[in-house]
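Structure first, commentary second.
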Amino acid sequence: MTLQKKIIELLGVKPLIIPKKEIENRIQILKRYLIENTHLKTLIVGISGGQDSTLTGKLCQLSIQELRKEKKEKSYQFIALRLPYGVQIDEKDCRDAINFINPDQIFTINIKNAVLNSERSLKKQGIQISDYIKGNEKARERMKVQYSFAAITNGLVVGTGNAAENVTGFFTKYGDNGTDVNLISKLNKRQGKFLLKELNCPKHLYLKKPTADLEDEKPQKEDEVALGIKYNIIDDYLEGKKVNSLNKQIIERLYLTTEHKRKIINLG
């Protein structure tokens with residue numbers, strides 16, 4: 001078995017999807033999980049205004065709406081968290097995403113002071129972190145806030161990572177991958193767009209250039225620039241299509257060198 005086939009099998013990406021069916025399957029799976037775990041009453045998602053959190057948020061809201069109607073229980077709630085670092089550059093996109101999702105509850109927690117306080121504490125001990133490391137601190141701080149909300153609302157933190165990010169390790173270890181469940185991990189970037197289109201999402205939210213936007217010195221740095229490869233090529237690879245040898249090497253090198261992010265290595 002080639003490494004490409006092994007990766008596709010491990011990540012569970014399908015070569016072809018029917019968007020409507022994929023949406024319904026995810027809603028039913030999430031509802032069933034909440035029904036089986038009776039202590040869980042809320043779903044928590046951090047909304048950035050990007051494609052992945054918009055899709056995840058909408059799937060969560062639809063799941064909760066159906067569950068409330070079926071169970072006649074108002075305690076089921078979807079909570080959308082806005083977690084900017086200072087002033088968000090793409091503020092309008094985030095507002096548009098929130099309007100599209102129409103969450104039951106919305107909270108805005110600015111993480112800037114928490115991140116800066118952590119940076120200052122390290123500096124007092126003679127430790128100077130780089131802008132890149134600070135970016136990862138932002139991702140972890142956002143997850144801390146989400147888990148605080150989950151703890152006080154009997155909630156489940158829902159991740160927003162997709163298969164294209166997973167294969168390349170393009171996420172913060174114990175940051176945006178540190179979630180309870182993930183609804184879109186078996187979808188590549190292209191397939192996520194298909195689902196949002198099916199859900200009548202505003203086009204600009206899934207046609208915009210993806211960015212993690214974690215670095216102060218490189219605001220709105222595009223994912224594809226950071227990765228050194230286009231998402232459509234990664235998507236082709238994950239769908240089992242042939243990509244040229246150079247791009248294949250880039251993807252597989254990223255996969256192998258970020259394996260530690262995807263699983264804990266137990267040495268004893």
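Each Cβ is built from the backbone N, Cα and C atoms, and glycine gets one as well.
Binding of ATP is attributed by Swiss-Prot to Gly46, Ile47, Ser48, Gly49, Gly50, Gln51, Asp52, Ser53, Lys189, Thr211, and within the candidate set Thr153, Thr160, Thr168 the record adds Thr160 to that site. Record check: Swiss-Prot places Arg140, Asp180, His260, Lys261 at the deamido-NAD(+) site, and the matching candidate among Lys134, Lys173, Lys186 is Lys173. Ranked by CA distance from Arg140 (deamido-NAD(+) binding site), the binding-site residues Gly46, Ser48, Gly50, Thr160, Glu165 have Gly46 at the top as the closest.
Counting other Cβ atoms within 10 Å of each Cβ, the binding-site residues Asp52, Glu165, Asp180 show the lowest value at Asp180. Site extent for ATP: among the recorded binding residues Gly46, Ile47, Ser48, Gly49, Gly50, Gln51, Asp52, Ser53, Thr160, Lys189, Thr211, the largest C-alpha separation is 18 Å. Sequence-distant neighbours of Ser48 (ATP binding site): residues of the same chain at least 6 apart with a C-beta under 8 Å from its C-beta are Leu83, Cys94, Ala97, Asp213.
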